[in-house]
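**Q** Feature table excerpt (TrEMBL):
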BINDING   VAL121, ASN145  substrate binding site
BINDING   ARG200, ILE201, ASP221, PRO256, LEU257, HIS258, GLU259, GLY260, THR282, ASP308, HIS337, TYR338, SER339, GLY340  NAD(+) binding site
DOMAIN    68-369  domain 'D-isomer specific 2-hydroxyacid dehydrogenase catalytic'
DOMAIN    155-326  domain 'D-isomer specific 2-hydroxyacid dehydrogenase NAD-binding'
SITE      ARG284  site 'Important for catalytic activity'
SITE      HIS337  site 'Important for catalytic activity'
Amino acid sequence: MLRSATAIKSLAARKSATSLYSTTSSRGMKILAILYDGGKAAEQEPRLLGTTENKLGLSDWLKSMGHEYVVSSDKEGPDSVFQKEIADAEIVITTPFHPGYLTRDIMEKAKNLKLCVTAGVGSDHIDLNAAVENKIQVLEVTGSNVTSVAEHVVMSILLLVRNFTPAHEMIERGDWKVSDIARNAFDLEGKVIGTIGAGRIGYRVLQRLVPFDPKELLYFDYNPLPEKAAKEIKARRVEDLKEFVSQCDVVTVNTPLHEGTMGLVNEELLKHFKKGSWLVNTARGAICDKDAVAAALKNGPLNGYAGDVWNVQPAPKDHIWRTMKNPLGGGNGMVPHYSGTTLDAQARYANGVRSILENYFGDKPQEPVNIIVGKSGYETKAYGQRGSEKAKHGFSSS
Ligand code: NAD
């Protein structure tokens with residue numbers, strides 16, 4: 001693949017940084033990475049950087065500086081590599097696609113732990129309150145895969161609204177019954193589309209939908225969009241969540257998972273969705289109640305549900321979201337968690353992890369946008385309004 005001039009420049013800069021750190025960083029650190037196994041695919045495709053085989057492309061660099069770099073996918077239970085090796089690790093890197101869960105209990109045992117890096121976006125696998133109390137910094141590679149996810153959301157909205165999957169399955173079966181598909185196929189034009197969470201991904205989704213000529217674009221977020229940004233895409237904020245969902249033909253979920261969003265889309269809220277509406281969730285599985293969603297697809301009001309995130313990952317073989325359908329046999333756009341791990345995204349988040357490590361080794365300030373928990377505590381506005389009254393009660397969903 002051709003490398004851009006910027007990529008070549010950044011590689012050159014990294015090379016000189018490597019020699020700098022190999023001479024100045026005398027203190028060998030233990031760095032633990034929990035990644036997913038890529039198997040044959042990772043051997044054949046070196047750009048699958050987020051795998052245990054390709055180790056985020058950091059192995060030679062870290063070893064050249066005398067650091068110990070332990071990489072594994074084994075993360076469950078007290079005898080796992082994760083729980084054993086974390087005991088004396090200074091840095092833990094993990095990816096949302098196969099996260100090592102940093103609970104309070106594990107953090108308290110990890111006496112040497114100072115930095116948790118999320119290779120991607122979404123640090124809900126880390127107990128952020130415990131990180132603050134234990135003075136452990138939490139950083140993620142903010143923005144690294146937001147376009148990848150936004151594109152996936154737009155694709156998922158289209159495949160649900162246009163009833164794509166049953167149409168393709170029909171073709172594979174050798175059948176041809178246009179009316180069976182067309183009876184539940186619509187245009188996106190003229191629909192009301194709304195995002196719960198209008199941050200980097202949510203805003204990009206709305207931006208990308210403008211050319212489809214929707215009737216209206218709505219958003220629900222405790223952080224209002226800057227006036228200019230909202231005006232540019234003619235997005236209207238709705239402050240009451242029930243009111244918001246009752247106006248949308250399509251709802252997309254784009255918030256982090258935290259105390260205020262866990263189970264936010266539940267049986268009660270689903271009662272307020274429009275009859276025949278579609279729901280797309282690429283944020284985190286646990287934001288939507290598993291059984292309530294399946295029931296709403298079977299009995300209404302949902303006509304379709306799509307996404308790539310699950311309440312348990314990997315999803316068990318009998319997880320109801322794998323096979324749930326609407327009464328016409330369609331409406332399921334579920335895939336494994338991959339929207340934010342395209343090869344383009346992997347290059348960006350691997351590069352971003354390296355920059356975070358360079359800053360840490362060189363005792364340089366981190367990019368403010370990457371800091372979830374910094375040296376002086378909780379620093380983002382995205383994982384709930386912590387410390388305020390709203391945080392204690394969860395963000396109002398009424
Ligand atoms: P962001 O921080 O830019 O935006 C998140 C927005 O959600 C913020 O505007 C915040 O105010 C809002 N928010 C938080 N709690 C809310 C609540 N209770 N109600 C309404 N709004 C709320 O984050 P982003 O880059 O857009 O990413 C969002 C999430 O998407 C991530 O945290 C992650 O969980 C998920 N994600 C998934 C993938 C994937 O591969 N499927 C990849 C990247 C990110």
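Residue 1 is the first one shown; counting continues down the chain.
Backbone N, Cα and C atoms are what each Cβ position is placed from, and that goes for glycine too.
What you see is a predicted model, and the numbers here were worked out from it, not measured in a lab.
I would like each feature placed in context: is it buried or exposed, what are its neighbours, and how far apart are things?
**A** Of all the Cβ atoms in the protein chains shown, 25 others lie within 10 Å of the Cβ of VAL121 (substrate binding site).
Under the DSSP three-state reduction, LEU257 (NAD(+) binding site) is assigned to coil, being neither helix nor strand. Cβ environment of LEU257 (NAD(+) binding site): GLY122, ASP124, ALA283, ARG284, ALA286, ILE287 lie under 8 Å away, each six or more residues apart in the same chain.
The average pLDDT computed for the domain 'D-isomer specific 2-hydroxyacid dehydrogenase catalytic' (68-369) is 97.
A coil conformation is recorded for ARG284 (site 'Important for catalytic activity') in the three-state DSSP classification, outside any helix or strand.
Under 8 Å, Cβ to Cβ, and six or more positions away along its own chain, HIS337 (NAD(+) binding site) finds PRO96, PHE97, ASP308, VAL309, TRP310, GLN313.
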**Q** Across all chains shown, how many C-beta atoms besides its own are within 10 angstroms of the C-beta of GLU259 (NAD(+) binding site)?
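**A** I get 15 for this one.
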